[in-house]
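Taken from TrEMBL as is:
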- 1-350: domain 'Major facilitator superfamily (MFS) profile' (DOMAIN)
- 12-30: transmembrane segment (TRANSMEM)
- 42-69: transmembrane segment (TRANSMEM)
- 104-123: transmembrane segment (TRANSMEM)
- 129-154: transmembrane segment (TRANSMEM)
- 175-199: transmembrane segment (TRANSMEM)
- 205-226: transmembrane segment (TRANSMEM)
- 238-256: transmembrane segment (TRANSMEM)
- 262-284: transmembrane segment (TRANSMEM)
- 296-318: transmembrane segment (TRANSMEM)
- 324-344: transmembrane segment (TRANSMEM)
Amino acid sequence: MIDVLHGDEGNVGYIVGTLTIAAVLVRPLSGYLLDTLSRKRILIIALIAFTVTTLAYNFVTSLVMLLILRAVHGFSWGFVTTGSGTIASDIVPASRRGEGMGYYGLANTIAMAVGPMLSLFILDYYGFSYLFSSGFVIAIFALLCVLGIQGYEGNPNQGREKPTISLESFLEPRAYSLSIVLFFVTLTYGGIISFITLYAGQLGIQNAGIFFLIYGASLLFVRPYAGKTFDKKGPNQIMIIGFIALVVSFTMLYLANGYLLFVLAAISMGIGFGIIQPTILAMAINRVEPFRRGAVNGTIFTAMDLGIGLGSIVMGLLSNKLGLSLMYLVCAFLIIIPAIIFYLKDADKKNTNYN
């Protein structure tokens, strides 16, 4: 797009960041509306906006237009992801919520892994127009899937007084501590998505994509197990494994001097993130009444977005000062912070299930 619109490399950060910032800003509002109006209708409207925006990229003629479109795309993305997570938590049986949300998260992971590869293939062989048109078709398919949900409208406040507008209307206080845990965990993940390719080059590994391939495969296997364990035994034991796996992963990256530890770090990281993210989401959902699930999803996903976004910046500063190897060692120590917060604030707290 830089070549087509005659921009420069400095514009890339604005283009990428605009969507993330827009999504972060809109998530609290999306949670409030999902708890106030029909969840299914809101998701349908958001998906329509998302679908139209995807096709509209074909008609962009300037960087200003692109930035505006990215903002609209980010707003719709914030509604779609918060809405789909909320509806998934409504539909999944309470007794299998950990397992169900694990599968839901797994679908997101697979999409995030396959999407970039498929996009680059289409871009290389067919160009931007085919790329955006393909995204448009996929978005229509997603819309049809939502329209096909039978017997569900998701009117959480039906028969209740309309909630007053306040900070607690947009963010769920009962999820604050879990959100802080997830924020610190995803803060370290910013160092992976932003710098693992550069680090692989320093280690003499030509194909850095192998890290994400193995990481994704590890997630694929661990998430169903993590969800079932959460449903049967609760979060305490499984979260210990998740935190230890992340500390081990970042430590192996620090010690890596070739393929072996690099690959083992990817496996361990998949185990860690595959356990922690869906477990925290399931815990947060279990703590609130059905009519607060929109707010709790908005709160959790806002923490994730902020963690990844700020993580890229913070880890960039650390890598400039310390180098990439020591940066990953710092990440290993940073994982101790959310682990302490979790076991002080959340581990012994009764995980009330409101169904």
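Cβ atoms are placed via backbone N, Cα and C, with glycine included.
Unlike curated entries, TrEMBL annotations are predicted automatically.
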Considering the transmembrane segment (296-318), which listed stretch of 104-123, 175-199, 238-256, 262-284 counts the most C-beta pairs under 8 Å: 175-199
Recorded stretch, among 42-69, 129-154, 238-256, 262-284, maximising Cβ pairs under 8 Å relative to the transmembrane segment (175-199): 262-284
Cβ pairs under 8 Å between the transmembrane segment (129-154) and the transmembrane segment (42-69), at least three: yes
For the domain 'Major facilitator superfamily (MFS) profile' (1-350), the mean pLDDT of the predicted model: 86
